[in-house]
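Heads up, the thing below is written out as structure tokens.
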Amino acid sequence: MSGRPRTTSFAESCKPVQQPSAFGSMKVSRDKDGSKVTTVVATPGQGPDRPQEVSYTDTKVIGNGSFGVVYQAKLCDSGELVAIKKVLQDKRFKNRELQIMRKLDHCNIVRLRYFFYSSGEKKDVVYLNLVLDYVPETVYRVARHYSRAKQTLPVIYVKLYMYQLFRSLAYIHSFGICHRDIKPQNLLLDPDTAVLKLCDFGSAKQLVRGEPNVSYICSRYYRAPELIFGATDYTSSIDVWSAGCVLAELLLGQPIFPGDSGVDQLVEIIKVLGTPTREQIREMNPNYTEFKFPQIKAHPWTKVFRPRTPPEAIALCSRLLEYTPTARLTPLEACAHSFFDELRDPNVKLPNGRDTPALFNFTTQELSSNPPLATILIPPHARIQAAASTPTNATAASDANAGDRGQTNNAAFASASNST
């Protein structure tokens, strides 16, 4: 494989990108303590394109891969930590990850604060730098900690993490955006507050029915069977399959479908779900004609998991890990599943005694795929709290343009109240 950093996905059929006039403008100075301060001209992630100077310091590498490099830095004006994802930019096209992230504003999705371009060491090499929320942990590292201690993640955390993941998916799917790389490594966590944020939209794409997509997408262990069958007209339900794999992994303490190749992966899936029927294969990929699998019966889900696994967790898994893409629950339906009922209890707390993070501040955008589900998703105590905090007419206008992040959408609460 080439050592050249992989670019993130690019939007097709785009005109060449015009770089901002301040492109490549990067100044380095020293603060009073002698620390290196970098000042760039950056554009805010949301809102109008109004470039502004942003200064940061204490830069250090915290991750790298085929996509590029991720740095941690501290903003000089606020002292907040941020992550800066630096990726190779093809100047001929708009960067799809940037285009998608500028649309998104949700409490369970990592926020794009700014972006800026920088020059490479070689002539004509350009980098896109995404300045993102810094979140200290990942579901992958937390789960690995428990696994190494021969323990499983406490079920309350499984509920909190999966619920927030499904909320983030319901939100992006409402825009027709498919993440295409759901895995524990891409689920950021604040261990103190239990807030989860979905990150890394480098593989994400707005899916359009009838337009082909690459099937070699998504990380192994989490690839939906239709991708293994080579489907190119798949839907956002591939994210739901991946989320089901994450749920199963948190319950088991190890991946449910490990495999070093597509064939290995399929064998592992068949061991649990049984051999897919011809109809199921047709639903996954109508063009797939090879059918040479041994006939294996499905393994009972109750025997896949440990004896003390909550029945509701097993039931939810079985509704996510379905061969037929249309048979899988939608993310919003998953949020409404009885496995998450404990989170809707007004007295539930985190194990550390803190309140749970915001779980019911649904927006009309989030609920758009199935508005009646608001009656389940927004419990009575949350509706009462929302009604008590409803802004007066004088302040409502000023709040009208507030984003989704952490904002209580009173229209959503009202619809829930009216439906009950």
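Just so it is clear, glycine is given a Cβ too, placed from its N, Cα and C backbone atoms.
Here the structure is a predicted model, which means the values were calculated and not measured.
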- [ ] Given that Swiss-Prot annotates Ile62, Gly63, Asn64, Gly65, Ser66, Phe67, Gly68, Val69, Val70 as binding ATP, state which candidate in Lys85, Lys91 belongs to that site as well.
- [x] Lys85
Task: Cα separation, Asp181 (active site, proton acceptor) to Tyr216 (phosphotyrosine) (Å, whole number) - done: 11
Open item on the list: Among all protein chains shown, how many Cβ atoms are found within 10 Å of the Cβ of Asp181 (active site, proton acceptor), not counting that one?
Closed with: 21
